[in-house]
Structures are given as structure tokens and as C-alpha cells.
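According to Swiss-Prot, the features are:
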type     : residues                                      : note
SITE     : R26                                           : site 'Transition state stabilizer'
BINDING  : S66, G123, A124, G125, L126, S127, S128, S129 : ATP binding site
BINDING  : S129, E161                                    : Mg(2+) binding site
ACT_SITE : D173                                          : active site, proton acceptor
Amino acid sequence: MEELLMNRFVEIFGEKGTACYFAPGRINLIGEHTDYNGGHVFPAAITLGTFGVARKRDDQKIRMFSDNFKEVGLIEFSLEDLTYSDSDDWANYPKGVLNYLIESGHNIDSGLDVLFYGTIPNGAGLSSSASIELLMGTICNDLYALHCPMLELVQIGKKVENEFIGVNSGIMDQFAVGMGEKDQAILLDTNNMHYEMVPAKLGEYTIVIMNTNKRRELADSKYNERRAECEEAVRLLQKELSIEFLGELDSETFEQYQALIGDPALIKRARHAVTENERTLLAKQALTEGDLEEFGLLLNASHRSLKEDYEVTGIELDTLVACAQEQPGVLGARMTGAGFGGCSIALVPKQNIDAFIEAVGQSYQDKIGYAADFYPASIDDGARKLF
């Protein structure tokens, strides 16, 4: 792959690239819709991601090309004008990184040429945008010798998303992409950014990512709706409880005080936030102890809660997950990401992968009318220079 990209770089830019880089995508193992509820998330970097080949220029020109968006063509802009532009399309993500690195006082004194190529399916909810942001940060850090800590690049990536692009997302995606380690999941407390690396040794099992191939049109509007519902539940609970987030409660306390919320729909939303946070902490314990069966059961329980209490799944995700859970040897499956399309994950015996993909794929095609895509993935290192 790297050699192909080095040759492709010469085709596009006419000269050899000086180095090759990679930034992964991410999955969230468990802890869904907990980040804005003051809970824990449990992401991991994966083997799918974005490759980049780059070289510095001796002028102020930035030139970017993505083999995933060939139709957009070569995108050019100047270091002296790093404002958002619709015509720059996907390149606004790396452009934003350049903008905030310079704004933070880092010395980027000349332009560069960059070729991007991603193996993350677009729109699948596996953080292709965070992957591009951290890839660009890693390229700049290396080529301009910025000595910028990864955590700062993570925060710049989030700033690009929130302020440059205008998407109201948390820090989990960039954190996982930047800080990921091979065979380690990251338990992140979204309240205070405390994190710990947890061994995720899956032994004879592998994670299969299942893409519904359903466009996530509803995700943004429903995401904002759920967020508002949780905030309202907190406001009602605050009549008797001094809490700021649902993630501060355990199930027992929640059950004791849920009558304060009144509205049955709001109770369900809040119950998911509370129980999912508990499941995430139990999942950490299960992985630490090497108890993959328990970990799988927690994945199943998470999906059930997202389906019944949080109501963010939909027929496509439910079909994939239900069928996956029925396959021989599968320990667990759940949707991952915002929901309403996107992806789910399953913990599948390595020896059964082909049979699993065939059976679940056929069942999905029969019921939904179009194909799902399947990607076996391992937990891998974060953004890095390859050579």
C-alpha cells in the first residue's frame, strides 16, 4: 500500500514524497451516547484509517489530493488564506488543522503537497474526519519539527470539528485516533479527560464491523433531540439531587428518583445514560479479567438499551445485530456510533469470519433489500509516521 501511494504521489505532484503517515479510524466498544451525559466511553483505534504521503514546498502554496474524492480534483490554497471554503470540500478538515496550529503559535513557514487515501467507508460513523485531522497534525508535527504533544493535536482536531467545520461533537473520536495503542482500548471519563489504557486481548476472536450502508440522515436531528431530552431529565432530577449529569448516578439511585422525571419517554432516555455508563465500567472490568463472554453479554445489553430505551437504532441496525447475535460462537454485537444507520460491531471467532459474513450478509440483503458491508478489524496504534 505504502509503495503504491509513493508512486501515486509522483503521478499527481510530479516529485517524490518524503514520508508516509497513517491515522486510524475508531470504534467505540461500548459507552454510546454517554459522552454528553458526563459518562465514560470506551473507544479503540482500528486498522482501517487514512494514509498520507507528503513533502514540503519552498513557497506558500498548499496542494492536496484525495484518491477517495478524485472527482473533486487537486485542491490548492495558500498558507496566507486558511479560511473555510465550500469549494475546498473535504480539504477543509486538514486546512483547519493548519489554521489552528499556526494560531497556537507553531511555526509553519512553507507550503506542502499531501496525498490522502482512506480505507474507512465514508459516512459509516468510524471517524474518517478525525482520522484526516490527526493525520494532518502528525504530518505537520514531523515535517515542520513542531514538537507538539499528541494531546494538543487531539484538541486541535476537536476545535476543527467544532469551530472550523461547525459540528457539535465531543473529543472521543480525536482522542481514540491520536492516543490509540495496539490491543488496548481507552476508558475515557468525559467529565475530566482522565483516561486509562485497558488491555483488549481478544484471543481467538476478532471484531467485525458491519456497515448498514444506510445514509444517516436522521442522526443529527435525533442526536440533538436526545441530548435535549437528557438535559431536561437532569433539570427535573435536580429538584432533589445535586447532579450536573446523568453519568453521576447509579441505577439504584436513578430508580429511587425517576418519578421526578414523570414523562415515560424521558425516563427511558435517562435510564439508558445511567445504565450504559455502568455497563462501560463493567466492560473495562471484564476485559481486564479476560472475561470475553461477560464482555459480549454487555455488548448485547448495550444494544438492547439503545434500541428500547434510547430508540436510536432502526430496522437496519437491529437486523444486522439480531442476526449477528444468532451466529455460532458470536459472543455479542451492538450498534456503534450515533445510530440511525452507520455501523454495528460483533465479536466473532476468527475461524468463523467467512461463514459469519455470508450468513449475516444474506439475511440482511433478504430483509432490507440491499447489501451490508463487512470489515474484520483489529485494535491498532494511533496516528503515526510509517517511514
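Yeah, the Cβs are placed from backbone N, Cα and C, and that goes for glycine too.
Checking each of the recorded positions R26, E161, D173 against A124 (ATP binding site) by C-alpha distance, the shortest gap belongs to R26. If you draw a 10 Å sphere around the CB of D173 (active site, proton acceptor), it holds 29 other CB atoms from the protein chains shown. When the binding-site residues G125, L126, S127, S128, S129 are compared by Cα distance to D173 (active site, proton acceptor), the shortest distance belongs to S127. For the binding-site residues listed here (S127, S128, S129), the lowest count of other CB atoms within 10 A around the CB belongs to S129.
According to DSSP, A124 (ATP binding site) sits in a coil region rather than a helix or strand.
Calculated from their C-alpha atoms, the gap between E161 (Mg(2+) binding site) and S129 (ATP binding site) amounts to 8 Å. In this structure, R26 (site 'Transition state stabilizer') is part of a beta strand by DSSP. Counted within 10 Å of its Cβ, the other Cβ atoms near G125 (ATP binding site) come to 27, all protein chains included.
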